[in-house]
């Protein structure tokens with residue numbers, strides 16, 4: 001009853017607008033979320049409605065329409081003379097929240113439609129600007145690890161070249177366009193993440209950016225609910241490789257930082273770097289593609305790789321050069337991307353010392369296996385933005401390598417796993433069991449019982465604790481932990497799924 | 001599921017500190033542990049009692065008008081009918097039985113044994129020290145007298161009640177003490193009303209300040225080359241010790257601000273102002289632990305307590321300063337660094353309370369006699 005009444009609360013309109021904004025104004029995603037929500041008073045849990053002109057317009061339309069609807073209901077009640085005035089009044093009042101959703105959805109479709117010509121013009125202008133840009137354009141596609149790869153490339157190449165990349169998760173045509181408009185034109189390297197939401201998205205972005213080289217970080221079940229099957233996900237991500245293989249090899253820009261883009265005439269030599277640790281991606285390697293993994297990439301071999309809570313270190317050796325790499329990034333799964341960055345830097349002509357300095361500058365990114373040790377000596381590994389099976393596997397592997405500490409694994413599970421939901425989550429349970437993690441905290445929802453089943457199948461010996469809400473678990477954790485404990489916060493569901 | 005009442009607030013100078021302790025870590029840990037129906041019981045500064053689950057959330061007390069909100073609620077009443085029951089009287093009277101009580105009160109009427117006496121009468125298990133230990137430990141002068149008699153080293157001291165206060169006589173008694181001196185109200189914790197006196201001219205004023213807070217005042221010698229350490233302890237018959245902790249205070253001695261207001265952002269109390277374990281060397285640490293255990297037993301503590309020490313770093317002499325039967329926030333920061341989580345600590349305290357209650361129930365408190373029949377009868381020859 002309380003949930004039902006929340007639809008008649010004045011905050012209901014704000015909640016709808018927040019949901020639209022968090023769904024990036026995609027009507028399909030907004031409506032999916034709408035049907036899942038029960039309590040409309042508490043949808044803003046992790047974030048709040050950000051006031052933009054678009055959200056303010058939606059608020060005005062929402063409240064305005066509701067006002068008209070209620071005025072109509074009262075008019076029927078006051079001036080209606082026939083027997084039907086009461087049922088009609090009640091009907092309008094009772095159905096008003098649903099009529100409102102229909103109205104704002106239609107409004108959103110109209111706004112999105114009207115925006116298209118404007119967006120088309122903006123994107124076209126940006127495409128022209130990018131086509132004339134002299135910098136090396138690197139595009140990153142994949143189901144996971146795109147932001148980490150972007151940040152690694154930015155840090156390593158940035159030590160010797162002028163590098164620019166869109167902030168946060170600007171990976172849609174409009175987001176990228178917003179970033180490109182800020183470019184001065186003297187950048188040596190531009191790095192782009194390509195967001196894949198539906199088939200054709202990566203191709204569209206490639207046409208806009210015209211990348212010189214690409215990195216494919218892997219293909220897995222992330223967003224499977226939208227793509228329906230993994231082959232469709234794979235094809236969408238490999239639209240990047242398709243684009244690059246349709247054009248000739250890119251020239252290698254070897255200018256010094258701030259120079260005028262002196263072109264040596266040499267080609268870059270690589271079209272796409274593909275994550276060799278990802279079985280699905282590895283199968284689709286073509287000529288001029290290079291695999292990367294913790295064993296190395298191209299001519300580079302990795303030796304003596306180590307990792308702990310202080311970071312990772314390894315030696316990169318080729319026939320002619322040796323790079324001693326030290327990074328604050330945690331986990332051996334970062335060795336491959338670091339090797340890619342070293343290879344790109346080397347091809348761009350950066351000396352060994354600069355590459356080493358660049359690798360030293362790489363550090364954990366926000367909410368991606370980011371370590372924080374509190375005053376009580378408890379290390380929190382914030383991996384709340386990691387919500388894909390490969391990332392989870394890598395992190396459990398890292399956790400299992402930590403000895404002498406009591407380890408906690410806190411998760412609400414992964415979202416958008418589609419029909420692979422059960423399989424993926426049971427495997428997480430089995431991996432946790434194999435890794436011997438001492439404490440597992442699960443958040444009650446539709447997927448975590450599969451993790452529990454995986455734990456049982458793996459004959460898990462530790463303790464499993466349940467919480468009804470992730471925020472409740474985060475709040476309770478300090479009461480459970482002691483000095484020396486390591487707590488991994490694996491994936492935090494955004495409000496859309498919480 | 002056990003129904004547990006956490007009692008906090010009260011008519012005490014440490015009212016607000018008690019609200020913090022009750023929430024962080026007590027109620028938070030009880031909720032996290034699961035298996036408890038937690039009833040917060042708040043006693044206002046004027047002595048009204050309220051029990052309402054809205055107070056489970058610490059945010060309730062961050063509202064500037066929380067006292068007004070409470071005034072609109074029904075006060076809770078008690079029934080001591082073979083156990084403790086809460087009653088909310090009125091047309092729709094409701095009643096719940098309390099299985100165990102977790103006192104989270106500091107200072108007068110809470111930590112001083114008053115509440116413990118009430119709970120003994122109610123025949124309900126309760127967490128922490130019992131009435132006698134609480135009453136003695138609450139009085140800093142009594143504590144020193146008991147410890148002195150048990151051979152536990154304490155600094156030289158004198159004491160005086162407000163009714164006996166006579167400047168000339170007391171100053172004469174104090175003249176035997178070596179400056180600097182500390183003047184303390186004997187019943188207050190959290191360092192409230194304590195003044196450090198460096199010369200005789202400051203003494204009278206310091207005593208008057210202390211008498212604003214209490215009817216009994218203690219004057220004691222300061223320790224040269226001072227190192228202060230503290231040791232949290234839990235247990236009934238077999239005390240378990242946490243780590244020896246050293247406050248990293250700037251003002252020369254623990255004051256209220258150091259203890260409760262200098263914690264890091266979002267860290268609650270006591271997180272950044274101390275060194276755990278204290279770097280005082282193995283020998284001193286060993287002696288502190290031995291004295292801590294002896295003090296805990298000598299005062300008859302049970303459940304939880306914290307023993308404070310003064311160390312002269314030049315002579316390595318150790319003095320027991322005072323005993324706190326409900327350490328602020330249970331000193332959970334220390335226990336966590338000693339390998340005991342807040343949940344484990346709180347669960348252990350509940351278990352200890354139940355064990356003590358069970359032992360108590362096995363004692364014979366009543367017996368049959370014919371004395372009433374004999375009243376008014378012929379006197380025995």
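Glycine too: its Cβ is placed from the backbone N, Cα and C atoms.
Residues or ranges marked as active site by TrEMBL: B:14, B:190, B:329. According to TrEMBL, the ATP binding site annotation covers B:140, B:182-184, B:190-191, B:220-228, B:321-322. Annotation comment: TrEMBL describes B:144-351 as domain 'ATP-grasp'. Summarising the annotation, TrEMBL assigns Mg(2+) 1 binding site to B:308, B:322. Here TrEMBL flags B:322, B:324 as Mg(2+) 2 binding site.
Shown here: features listed in TrEMBL, placed on the structure.
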residue	record	Cβ within 10 Å
B:140	ATP binding site	25
B:184	ATP binding site	27
B:220	ATP binding site	23
B:223	ATP binding site	22
B:226	ATP binding site	14
B:308	Mg(2+) 1 binding site	20
B:321	ATP binding site	24
B:322	Mg(2+) 1 binding site	23
B:324	Mg(2+) 2 binding site	21
B:329	active site	25
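In the three-state DSSP classification, residue B:329 (active site) falls within a helix.
Here the CA atom of residue B:308 (Mg(2+) 1 binding site) lies 13 Å from the CA atom of residue B:223 (ATP binding site). Looking only at Cα atoms, residue B:308 (Mg(2+) 1 binding site) sits nearest to B:226 among the recorded positions B:14, B:184, B:220, B:226. Summarising the environment of residue B:14 (active site), the number of other Cβ atoms within 10 Å of its Cβ, over all protein chains shown, is 25. Residue B:226 (ATP binding site) is 20 Å away from residue B:324 (Mg(2+) 2 binding site) when you measure Cα to Cα. Checking each of the recorded positions B:14, B:322, B:329 against residue B:220 (ATP binding site) by C-alpha distance, the shortest gap belongs to B:322. For the recorded positions B:14, B:322, B:329, a Cα-Cα cutoff of 10 angstroms around residue B:140 (ATP binding site) retains B:322. Ranked by Cα separation from residue B:184 (ATP binding site), the recorded positions B:14, B:322, B:329 are led by B:322.
Cα separation, residue B:329 (active site) to residue B:226 (ATP binding site), rounded: 25 Å. DSSP gives residue B:324 (Mg(2+) 2 binding site) a strand state. On a Cα basis, residue B:322 (Mg(2+) 1 binding site) lies 17 Å away from residue B:14 (active site). Looking at residue B:322 (Mg(2+) 1 binding site) and residue B:226 (ATP binding site), their Cα atoms lie 15 Å from each other.
Across all of the domain 'ATP-grasp' (B:144-351), the predicted model scores a mean pLDDT of 87. In the three-state DSSP reading, residue B:14 (active site) counts as coil.
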